[in-house]
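Take a look at the structure set out below.
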Amino acid sequence: MSFTESENGEQEKYIHLGLSPDSRSNPIVLVGVIGGSGLYHLDNLTLLKHVNPETPWGFPSSPIAICTLPSGTKVAFLARHGPGHTISPSTVPSRANIAALKSLGVRAILAFSAVGSLREECAPGDFVLPTQIIDRTKGIRPSSFFDGTSVVAHAGFGDPFANRLVRWLEGRVKKVLEAASEDEFAVAGVRPKTHTDKCIVCMEGPQFSTRAESKMYRQWGGDVINMSVLPEAKLAREAELGYALIATVTDYDSWRENEHPVTAAEVFKTLHANAKLSRHVAAAVLEDLNAEAAQGDLLTEEIGAMKFSIMPRSVEQKDEDRQKLKYILPTYFA
Ligand SMILES: CSC[C@H]1O[C@H](OP(=O)(O)O)[C@H](O)[C@@H]1O
Ligand SMILES: Nc1ncnc2[nH]cnc12
């Protein structure tokens, strides 16, 4: 295939950004939002179309909504558990989700998740931006794009979230929560707060934790708990995408003495209010985040993150595997 001069320019721009060449045939979308439990759509957006890319790892959880902000900026929205919440946390097709977002040109993912709190100070209704993860999944979720291929890669994951992106979000989320009207967003009469520098435990589920497990996670240093941040965050790192999680607290899990342990009914009580405030936060940050993803330095730490993670004997890598991996890392598997 040959390109005109302007197409060559476009192609260079995509390769410079570490994007899949496939994104040339789609509208360029730099920011992807993954909605969790209770968050199946965003507000204030105009739907342009749905896309459903078939990736080498299958189809995403749901067709991805390509929407425009009031300014015309495009963003992609994906419902993690499907639009009707039909996919359990252990079977979310995370590889397809991350690969599909990357194929659209996405560089930054803002993921939302309903979480249980392991700390008194993180109350239902509060928002938490974690910076660390403890993995308590059980090895049953495909968690690497390199699994089953002849290519071995060891992504760095010491800082599992895109720290610069998290820092950038912190102040903005705080501001939105402070400005949100007390009556509109209060949960049990209390105004939601923002917590930073917290550690999230990702458990397998679908059952909630026992009291003993919940107490153990507190001793380990866990602050909040969910069933979804992994392998999503690992795969975003392998695909060189900036990934940050906005965790919204729904319950106190099962560690509190003399209190009943968490139930789904309790989670549902707070989901609606949290989702409403999440939409508010998304509306407040997406425009600026898109501008940062387009030309700021915010996401530069992710680009090139895999450069020295891939083991070097490329002569022994199978061509079909290189072709597959090119979908997420076109710079290294051209
Ligand atoms: C509905 S309670 C448990 C469920 O909620 C969270 O989902 P998500 O992270 O997608 O908001 C949690 O991870 C569990 O999957
Ligand atoms: N207590 C909890 N444990 C795991 N995932 C959750 N999601 C919401 N609350 C949760």
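Any Cβ shown, glycine's included, is placed from N, Cα and C.
Because TrEMBL annotations are produced automatically, they should be read as predictions rather than curated entries.
Take the phosphate site that TrEMBL assigns to Arg80, His81, Ser113, Ala114, Ser228: the candidate from Ser37, Ser144, Ser150 listed for it is Ser37.
Under DSSP, Ala114 (phosphate binding site) is assigned to a strand (E or B) in the three-state scheme.
Taking the centroid of the Cβ atoms of Ser37, Arg80, His81, Ser113, Ala114, Ser228 as the phosphate site, the other same-chain residues with Cβ within 8 Å of it are Gly35, Gly36, Gly38, Leu39, Pro89, Phe112, Asn226, Met227. Calculated from their C-alpha atoms, the gap between Asp251 (substrate binding site) and Ala264 (site 'Important for substrate specificity') amounts to 9 Å. Cα separation, Asp253 (substrate binding site) to Ser228 (phosphate binding site), rounded: 15 Å. Taking all protein chains in view, 29 other C-beta atoms sit within 10 angstroms of the C-beta of Ser113 (phosphate binding site).
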